[in-house]
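Annotation source Swiss-Prot lists pyrrolidone carboxylic acid at GLN95. Per Swiss-Prot, Ca(2+) 1 binding site is recorded for GLU103, ASP187, CYS291. The annotation N-linked glycosylation site is assigned in Swiss-Prot to ASN160, ASN194, ASN225. The annotation active site is assigned in Swiss-Prot to GLU237 on the grounds of sequence analysis. Residues annotated as domain 'Disintegrin' in Swiss-Prot, with sequence analysis given as evidence: 304-390. According to Swiss-Prot, the Ca(2+) 2 binding site annotation covers VAL306, ASN309, VAL311, GLU313, GLU316, ASP319, on the basis of similarity to another entry. Per Swiss-Prot, Ca(2+) 3 binding site is recorded for ASP370, VAL371, ASN385.
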Amino acid sequence: VEDHCYYHGRVQNDAESTASISACNGLKGHFKLQGETYFIEPLKIPNSEAHAVYKYENIEKEDEAPKMCGVTQTNWESDEPIKKTLGLIVPPHGQKFEKKFIELIIVVDHSMVTKYNNDLTAVRTEIYERLNTVNEIYLPLNIHVALVGIVFWSNRDLINVTSSAADTLHSFGEWRGSDLLNQKRHDHAQLLTNVTLDGTTLGITFVFGMCKSDRSVELIRDYSNITFNMAYIMAHEMGHSLGMLHDTKSCTCGDKPCIMFSKESVPPPKEFSSCSYDQYNKYLLKYNPKCIVDPPLRKDIASPAVCGNGVWEEGEECDCGSPEDCENPCCDAATCKLKPGAECGNGECCDNCKIRKAGTECRPARDDCDVAEHCTGQSAECPRNEFQRNGQPCLNNSGYCYNGDCPIMLNQCIALFSPSATVAQDSCFQRNLQGSYYGHCRKEIGHYGKRFPCAAQDVKCGRLYCLDNSFKKNMRCKKDFSYSDENKGIVEPGTKCEDGKVCINRKCVDVNTAY
């Protein structure tokens, strides 16, 4: 695949227009002009540079069956932890968010490899084009999705991929937590399949799942040959991981329906609604997702560079965004090359176009489980964000570090219920010995799968029980449970369950041997 051939932009003299174009082998992509969506692609004529331009409405429909997202959660979790502890008001739609980066791995299952006749280059090219459009969609939220790897299950699937979207998603999440995270660091993983999911389901994910080891995953059915359609489904499911729910009638955007509408729309929407903006903002305030804060290292990005997207990628000397938006005195926005005399144009170790001295702190430690990083004096990039070792005591010995966080039951209760919530008394956790629908440690795959009780020593690694002291509640053994996501409300991996012990795979094990 050629470098520097993926672009975002707009049609000249139309500020409301948008465009997402690949120029790798002719022009291919889409643009929106005066409210209409158009496609452009090369005509398949030998020795010809002719292209076809046509409206979305002229595309032959692939089938008439209505298609839907598999996420069923309809309510945002209680706002109390946000309102009471932070005292913040949700900013208005259209606000400028702080830049976030999602490092994405896409897993291509065996059915997809077969669909493309084992042409892995064709699959890669299609993924690059979809991701180019996803990043165009997420520009207003100031989020960049960086592809850091593609995994092909060329010979066989490594999990059981079935038509049950929920079961496959859970299996994929468990595999990510136990296998994929150990192979390559990333923030979010997508499983791309050609298997028909529950009839009309196009995709499914865990709401609020971003950054969580077994929940920062999504499952996408490759239902359409139209790149735009598939990019929209990717953007929609990723929105759920970032705290967005399906839009209701009160949600507005420039051109309804909006991205988080629950059913497939024709043509697909490209704008997030006022509700999505508010929900994403609340998600950032409540969950403070650390994994999406830092930019990826250039060498980790697996997709071709996009000059003008504001992200410094391999093959670029710098990238300050589009020529219209660039305010960087070191960088030529049109070419993504440094201006004469400049040593650097991007990176935390670049100051006034010069590389900072070795030893200069470029990323301070955020908390007990983080460590500070320092410039090397050789590169404008700040070294990869590193954390304290797993098992390091944190929060005054209340917990142990796990993948850069300090998971403790108290904070999990507060996040689930209210700022006044605390951990329930030990007797509540004895309910996890029942192996019931609500109290268990493990279950078989499937909604009706058998539940297995916790062993006596593992009761604090199953369902989390809290004491909710908020107004008029005072519930002594309160739990959180979701029929669509039965892992919700389970004690998080790495949580301290006893002195010197942590929860790993729903078992309370010695912290010295857990990792």
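Cβ coordinates are placed from backbone N, Cα and C, and glycine is handled just like the others.
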Rounded Cα separation (Å) that holds between ASP187 (Ca(2+) 1 binding site) and ASN385 (Ca(2+) 3 binding site): 13
For the domain 'Disintegrin' (304-390), mean pLDDT (0 to 100): 94
GLU103 (Ca(2+) 1 binding site) and VAL306 (Ca(2+) 2 binding site), distance between Cα atoms, whole Å: 16
Residues that sit under 8 angstroms from ASP319 (Ca(2+) 2 binding site) by C-beta distance, when 6+ apart in the chain: ALA305, CYS307, GLY308, ASN309, GLY310, VAL311, TRP312, GLU313, CYS331, CYS336, GLY345, ASN346
Protein Cβ atoms within 10 Å of ASN194 (N-linked glycosylation site), excluding its own: 17
Proximal residue to GLU103 (Ca(2+) 1 binding site) among recorded positions ASN225, GLU237, ASP370 (C-alpha distance): GLU237
Tally of residues which DSSP labels helix, strand or coil - the domain 'Disintegrin' (304-390): 0 helix, 15 strand, 72 coil
Near-site residues: Ca(2+) 3, ref ASP370, VAL371, ASN385, CB cutoff 8 A to centroid: ARG363, ALA365, ARG366, CYS369, ALA372, GLU373, GLU386, PHE387, GLN388, GLY404
Least Cβ-crowded entry, counting other Cβ within 10 Å, from the binding-site residues listed as VAL306, VAL311, VAL371: VAL371
Packing count at ASN225 (N-linked glycosylation site) (other Cβ atoms within 10 Å of its Cβ): 10
Near-site residues: Ca(2+) 2, ref VAL306, ASN309, VAL311, GLU313, GLU316, ASP319, CB cutoff 8 A to centroid: ALA305, CYS307, GLY308, GLY310, TRP312, CYS336
Listed in sequence order, residues not in GLU103, ASP187, CYS291 with Cβ within 8 Å of the centre of the Ca(2+) 1 site Cβ atoms: PHE101, ILE102, LEU104, ARG185, HIS186, HIS188, MET210, CYS211, SER216, ILE292
Alpha-carbon distance [ASN385 (Ca(2+) 3 binding site); GLU316 (Ca(2+) 2 binding site)] in Å: 22
Residue among recorded positions ASP187, GLU237, ASP370 with least C-beta crowding, 10 angstrom cut-off: ASP370
Inter-residue Cα distance where the pair is CYS291 (Ca(2+) 1 binding site) and VAL371 (Ca(2+) 3 binding site), in Å: 14
ASN225 (N-linked glycosylation site) in three-state DSSP notation: coil
